[in-house]
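*Asks:* My questions will all concern the structure given below.
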Amino acid sequence: MKQLTILGSTGSIGCSTLDVVHHNPDSFRVIALVAGKNVARMAEQCLEFSPRYAVMDDTSSAEQLKIMLQQHGSRTEVLSGQQAACEMAALDEVGHVMAAIVGAAGLLPTLAAIRAGKTILLANKESLVTCGRLFMDEVKRSNARLLPVDSEHNAIFQSLPQSIQHNLGYADLEQNGVTSILLTGSGGPFRETPMCDLAAMTPDQACRHPNWSMGRKISVDSATMMNKGLEYIEARWLFNASARQMEVLIHPQSVIHSMVRYQDGSVLAQLGEPDMRTPIAHTMAWPNRVTSGAQPLDFCKLSALTFSAPDYQRYPCLKLAMEAFEQGQAATTALNAANEITVAAFLAQQIRFTDIAGLNLAVLERMDLHEPASVDDVLQVDAIAREVARKQVIRLSR
């Protein structure tokens, strides 16, 4: 039985992970749950899965949780703060850590899991977007293992030969017969919206993804295709891919989750319903397979599968992310931080949808980008970029 810590248990990925546990009670045991401030959901999870530990972001949330659990006779030990989260990621009895805390807050707990030599089920994009080389070097040093949870990276992983799967981030694609990686994306809810109408799009419209059920922040990132840009950066690190070895495709149906092109002309793809439980279950059980709870793909009900090249005028955030990778980790860190601030401002209706890309670019242009040598350096770049972004939002929204 595999013992799990789930970082970000009350979020979308965390809840889907627990659903996979629910479907496979003899295969997985939850040792620790870590979350932010959603006390009610954490209480429900603790009562159903009886973890040994539960960690909340702050003491107030932890106290509320403690009272709720005591009323139900739960023996789960309640802790709070980032240090406790890092300790849960490194517990001796835990072999697998689901890293699903969104944003820069997930960096240190994920790093703690890596340094403890765990198998990390990586759903936190920011870990590689901001700390790609630092994290990949630490994985090798600590003999940890990364298994990608993002549906696209998981699809690529499944389509690659074992020689690359067992040496992620370092294997030479060309020497293993791989020509390129094809990263697919739906194009989001505004794929066919006239360009002249994009400025008027509301947060609710941006969050109506045609295929996936996701949180509001990542839904906006899908609409701008910043999500695909961050996935591009992540794929470059995970699969040791050059710009020449990467292709980005718009695939509106979200049935093919990504592909790998081989030197002999073959293209291997992973298909499935757009349900995150599929890649989650794959990483949890790898190299075996378990029931995910997802519906099987019905080929007889599929419409045509279509593909097109991305329009960078419609999706400037995608181009911005691809260019940031070439500038280095300081640029990708600053872009990610700026984007979190600008998306939050859009969701709060402080700026327009079309302001997001321009503000992100403005932050990059105002930053003095020195390559970070440590996670502390990354966090400093992150903090400065957030402050610059906040000032840009205030200036624009006056």
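Just so you know, glycine gets a Cβ as well, placed from its N, Cα and C.
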*Asks:* According to Swiss-Prot, Thr10, Gly11, Ser12, Ile13, Gly36, Lys37, Asn38, Asn124, Glu126 bind NADPH; which one of Gly185, Gly187, Gly188, Gly215 is annotated to that same site?
*Replies:* Gly215
*Asks:* Same Mn(2+) site as Asp150, Glu152 according to Swiss-Prot: which of Glu77, Glu87, Glu93, Glu231?
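*Replies:* Looking at Glu77, Glu87, Glu93, Glu231, the one Swiss-Prot places in the Mn(2+) site next to Asp150, Glu152 is Glu231.
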*Asks:* Taking the residues Lys125, Ser151, Glu152, Ser186, His209, Ser222, Asn227, Lys228, Glu231, which the record names as binding 1-deoxy-D-xylulose 5-phosphate, find the longest CA to CA distance and state it in Å to the nearest whole number.
*Replies:* 19
*Asks:* Within 10 Å of its Cβ, which one of these binding-site residues (Glu126, Glu152, Glu231) has the largest number of other Cβ atoms?
*Replies:* Glu231
*Asks:* Just the number: how many Å between the Cα atoms of Gly36 (NADPH binding site) and Lys125 (1-deoxy-D-xylulose 5-phosphate binding site)?
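*Replies:* The Cα atom of Gly36 (NADPH binding site) is 18 Å away from the Cα atom of Lys125 (1-deoxy-D-xylulose 5-phosphate binding site).
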*Asks:* Counting other Cβ atoms within 10 Å of each Cβ, which of the binding-site residues Lys125, His209 scores lowest?
*Replies:* His209
